[in-house]
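Features of the protein shown, as given by TrEMBL:
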- 295-592: domain 'Sulfatase N-terminal' (DOMAIN)
- 12-32: transmembrane segment (TRANSMEM)
- 38-56: transmembrane segment (TRANSMEM)
- 68-91: transmembrane segment (TRANSMEM)
- 97-116: transmembrane segment (TRANSMEM)
- 123-142: transmembrane segment (TRANSMEM)
- 177-193: transmembrane segment (TRANSMEM)
- 205-224: transmembrane segment (TRANSMEM)
Amino acid sequence: MSFNKDIRKNIIKVLITIVILILYLKLLSYGSFTIFNIKKLCCSVLVIASIALIWIKNPLNEKWNQILAWILFWLSPLVSYALIEFFNGTFFFKMELLSIFLNLFIYITLLLLFLLITNRVKIAPLILLWTSFLFGIISFNVCVFRGSALVVSDFAAISTAASVADEYHFKMREMDYFIFFSYLLFSVAICKVKYHKKLNWKIRVANLAVFLLLAGYFVNTFYLTNQTVKWNYGISIWNPQKTYRKIGTALTLAISGKFLFPEKPDGYTVEKVREITQPYIEKKEKESQISAESPNVIVIMNEAFSDFSMIGDFKVNQDYLPFFRSLKENTIKGKAYVSVLGGRTANSEFEFLTGTTLAFFPKSSVPLQLYVKKKIPSINYIFRDQGYSGISALHPYKPEGWGRNKAYPLLGFDSFITRDAFKDPELVRKYISDKEDFNKVIEEYENSQKESSAPFYMFNVTMQNHGGYSTNYDNLPRIIKVTDKELNQEQFQVNEVENYLNLIKKSDSAFEYLIKYFEKVDRPTIIVMYGDHQPLIAKFQKRLSERDGSSEKLYNYQVPFIIWANYEIDKKKIEKTSLNYLSSHLMDIAGVQKTAYQEYLLDLYHEIPVINAFGYFGSDGKFYEFDDMKSPYYEKIKEYRYLQYNQMFDTKNRIDAFFFLNKE
């Protein structure tokens, strides 16, 4: 029996050794190995030490094994803390003492929780170690793929992220191998200790008491009080990963959890909201805005649709947006500022549909997913109240993404059409093409006209251009080429850029197909198309901005929009705006009835034409941050914040006559 047990142990040791060597050989394949390559040299030492430790017998007696087990147990929070910070390129001992203490406090609290669950002195630290490793490497790669670090609200979007993860290519750096082999060596040391006893009930009770004490302190400090504000801890909205580097991963993550819970704005009262809204409500009651013939309205939020030439000029072999640029008659074009980059599509659609701004939601939140639990005012109800048919959303992908299947009915959509409605669709890469998507728009329009003479409304979120862009596909020919000598280099991600530009060219062709169809439709029709965000091809975008010499702080948060009609429209000048205003502009141009809230937004637009998560541009052309009390628009920003809180969170006291056409 003992002989068979030894064989099993040796087989396990051999398998682990083989896995370690395979990973080590993978590391060595990254360029040449010299004694001057410190990372590879350190990895070699760690690998040799780990393998040696696996095969060397433990000579310690029971007492010393017990002592060593507890030493490694209490060292594991420090090791987890130290190693996870390497993902951010920082050394923990360079942080402030308070940050070091709070990070260790969090790791110790987690360790005691794992000890309560497992009742094993060896297993609890192993769980802590590998949980921290997995979080560290996932967070780092999320930052690479989308440009912002992982925060608590992202855990609500795990299923959405997983559904598109295969388009992003995970690659371990030399530093990642160093971190992995460091975790491995410490884990092997824990496993070699011969201490398998369960803790007695007295120690478990003591552990429970200490854990509850620490957990209570954690909840009180981070969520029930403003203690972290007093310590001057906050997350940089421009660069969340900067906060990770400054105060540590665990501490940043803990602080970000507070942003899940919206706070009432200072000075907010229902009476104050009534003061702001009443003049607009009274004005609307005296007006009648019913148009002779309401037009069809089709809204297209095109996935990652943008124009890099808005950042700076660069040379290509042919135009990637020829049709878009050619449209001039009955067309309004401009740029819209958005609040997201490279992802979080749902935030852009939410701003458009509701007239809200991400600026007043908790940082890093996704309102569509987190806060739509009751009926929320949106343009969908406005179209419904004016007798429109359709009132449908179309997204040729999974319905669960960002919780759309749950949120859309509460935003007033009557139906939600997803990829299940497409039979043998044309794919570009792995996603349903824009042309196939627009064919479905046409099909839905034609079906609605057979059933009703009412005007048609649809909101469409495309999928074709979704990131990432590093993989080449046979069904995406590389017709558009970057001919700019400086930028046509691997260091500026030219492969990703060319794949992306060819996707945009396909979107342009598909848009031409859609417009050509509705040009022939007798009923007045308005189509608006805008991008939800720019793609994240950071090196290329940054270099374009540098070459252009622009001081534009939000260069990668602007996208093109177009409003086209098949009849003569008032050519309203909208050179730049933001998505919270764009739907109100659309309603104004279409000549349909607007809510008092939309009238307010159009007035606000003249004073603050652009607002997003990072700040706003005043009509004076200057950029302001939200805490700038010297801004001439500071009081207007406060008003808008109050209205949004009333719309979204103070639903018992919501001024429905302001947000809906018909008081709900």
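Every residue gets a Cβ built from N, Cα and C, even glycine.
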Segment proximity, the transmembrane segment (12-32) to the transmembrane segment (205-224), 3 or more C-beta pairs under 8 Å: no
Highest-contact recorded stretch vs the transmembrane segment (38-56), from 12-32, 97-116, 123-142, 177-193, CB pairs under 8 Å: 177-193
Positions on the same chain near the transmembrane segment (12-32), where near means CB under 8 A and six or more residues out: 40, 43-44, 47, 50-51, 54-55, 172, 174, 177, 180-181, 184
Cβ contacts under 8 Å made by the transmembrane segment (177-193) with residues that lie 6+ beyond its boundaries: 20, 23-24, 26-27, 39, 42-43, 46-47, 49-50, 53-54, 56, 58, 60, 65, 68-69, 72, 75-76, 79, 83-84, 86-87, 122, 125-126, 129-130, 133, 136-137
Taken over the domain 'Sulfatase N-terminal' (295-592), the model's mean pLDDT: 92
